Amino acid sequence: MLTIPEGILLCFITSGSVLGVLGNGFILHVNCTDCVRQKFSTTGFIFTGLAISRICVICIIISDGYLKLFSPHMVASDAHIIGISYLWIITNHTSTCFATILNLFYFLKIANFSHYIFFCLKRKLNTIFIFLLGCLFISWSVAFPQTVKIFNDKMKHRNTSWKFHLHKSKFIINHILLNLGVIFFCMVAIITSFLLIISLWKHNRKMQLYVSRFKSLNTEVHLKVMKVLISFIILLILHVIGILIETLSFLRYENKLLLILGLNFSSMYPCCHSFILILANNQLKQASLKALKQFKCHKKDKDVRET
């Protein structure tokens, strides 16, 4: 049985995950519709890949969390451990990769630096995207053998009570190698986010010097982008913290509260960031407002028919 705090946190994560799937599903629907109507754009490809991978990440986090809470015997099975590990590697690495590509895309499109390296990167935008997708496949090729190694180590020590403190350094090294791709993508995303924030901040300072009475429209847009980037960094850090908490709960099966807390933190990023993207992107925002209007009209028609 769950305690009251555990039950509240579980309800919170369940409702948040449903909203996260709906938000990412909406992004996927809008971009797939645009793909059918007109030529598939680079941003459409990025948003589609990001939405699909995040829906999968949310489903894996929730399903694995519920199994650990209510059916721990199923989680202990070898087939479940291997299966969920491979699915997690594919979806989590893919989600982080597409989020990094999206950040890099906005950085190269919006930022303004006079350094020649920045201009070289800007000219070779498609090449950089292909390079990052190549890094995604490399991260899979590193993570898959590492998963098998971790699983085999656990199988060897199954009958001799595998203890964390006896293999602390090995445990940390294995998990660093397992998440090497995610660490690389996160570093690139955070660095590009900070550089874009610096560029926008410098631009806003210049605008304040030249435009003292009237607020520039570009300044408002830049402030909105800065808020989106800061929220992205915060959510990404919470996601990493959540995964670390879940890893700690793996070592202490009796602590359900720690597991649910980790699930809440790790699911915030793929769930909340989708709504931030919808509000920040004009195309997605207009589509969401149109969908809300249609829903309200449908509800009114239904109420009229019932009366």
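Using N, Cα and C of the backbone, Cβ positions are placed for all residues, glycine too.
As recorded in Swiss-Prot:
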- Asn159: N-linked glycosylation site (CARBOHYD)
- 1-7: topological domain 'Extracellular' (TOPO_DOM)
- 29-41: topological domain 'Cytoplasmic' (TOPO_DOM)
- 63-81: topological domain 'Extracellular' (TOPO_DOM)
- 105-124: topological domain 'Cytoplasmic' (TOPO_DOM)
- 146-179: topological domain 'Extracellular' (TOPO_DOM)
- 201-227: topological domain 'Cytoplasmic' (TOPO_DOM)
- 249-257: topological domain 'Extracellular' (TOPO_DOM)
- 279-307: topological domain 'Cytoplasmic' (TOPO_DOM)
- 8-28: transmembrane segment (TRANSMEM)
- 42-62: transmembrane segment (TRANSMEM)
- 82-104: transmembrane segment (TRANSMEM)
- 125-145: transmembrane segment (TRANSMEM)
- 180-200: transmembrane segment (TRANSMEM)
- 228-248: transmembrane segment (TRANSMEM)
- 258-278: transmembrane segment (TRANSMEM)
Long-range neighbours of the transmembrane segment (42-62), counting only residues six or more past its ends (CB under 8 A): 13-14, 17, 20-21, 24-25, 27-28, 31-32, 34-35, 84, 87-88, 90-92, 94-95, 98-99, 101-102, 105, 126, 129, 263, 266-267, 270-271, 273-274, 277
Selection from 82-104, 180-200, 228-248, the stretch that has most Cβ pairs under 8 A to the transmembrane segment (125-145): 82-104
Taken over the topological domain 'Cytoplasmic' (201-227), the model's mean pLDDT: 69
For the topological domain 'Extracellular' (1-7), the number of residues DSSP places in helix, strand and coil: 4 helix, 0 strand, 3 coil
